[in-house]
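A.B. asks: Residues or ranges marked as transmembrane segment by TrEMBL: 12-35, 47-67, 73-95, 107-129, 135-155, 167-189, 195-217.
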């Protein structure tokens, strides 16, 4: 009776975690709409999307029946996440005007694909039980899951230096926090250290990002407002100058 109740709760929490994870994967949509409208990636970093891609692919391997049985929810959401991240990175490459950065991103994606193929082959060939396969892939998954949560922290230096969170997407940090909480709860029904450890740490990383966002939110608004005001003043100056140049009375010479 108790076991059945725990299983039911685990499934409910797992489905909730899947929904939140989907929101996490879709949270960069506003960022990419901005990139599309401006036709440039500006100062946005590809690190969160590269980290999330490798993380999702590792968890797909972890959830395979021949690696960790009864992990359908893990496979479905991370398979979806893999597809979404590929779309994001494709858009990033299209709107990135820095050739060196584009080549770097493509090389990293290629290395990630080769790494996943190698890990999958080695685990299935060398480890002959699901317990051993789960342990090997689980340890790797912990590392990449922590890396995914920590990836947005790569812009922390920029945020602190500029006192602006303009290039640290809020919805990504918020969704990461909710995702970490949900999957940490899932990991305790029953206890799965490979899910609990990275998501517990991920919750703390995401909380740090949200605190940083709250700290510099007001200063970001002031900086953006000042920038827009400066652009308007520059535009008005150009209008005045062009108006003076086109004025026939001012351009005519004395007889």
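Along the chain as shown, residues are numbered 1 onward.
Glycine is no exception: its Cβ is also placed from the backbone N, Cα and C atoms.
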A.B. asks: Taking 12-35, 47-67, 73-95, 167-189, 195-217 as candidates, which has the most Cβ pairs under 8 Å with the transmembrane segment (135-155)?
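C.D. replies: Top-ranked stretch among 12-35, 47-67, 73-95, 167-189, 195-217: 47-67.
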A.B. asks: Using a Cβ cut-off of under 8 Å, list the residues of the same chain at least 6 residues beyond the transmembrane segment (167-189) that approach it.
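C.D. replies: For the transmembrane segment (167-189), the list is 6, 9-10, 13-14, 16-17, 20-21, 23-24, 27-28, 30-31, 42-45, 48, 149, 152, 155-156, 158-159, 195-196, 199-200, 202-203, 205-207, 209-210, 212-213.
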A.B. asks: Which residues of the chain, 6 or more past the ends of the transmembrane segment (12-35), have a CB below 8 A from one of its CBs?
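C.D. replies: For the transmembrane segment (12-35), the nonlocal Cβ contacts are 41-42, 44, 48-49, 52, 73, 76-78, 80-81, 84-85, 88, 91-92, 95, 169, 171-172, 174-176, 178-179, 182-183, 185-186, 189.
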A.B. asks: Any chance you could find the range in 73-95, 107-129, 195-217 with the most Cβ pairs under 8 Å to the transmembrane segment (47-67)?
C.D. replies: 73-95
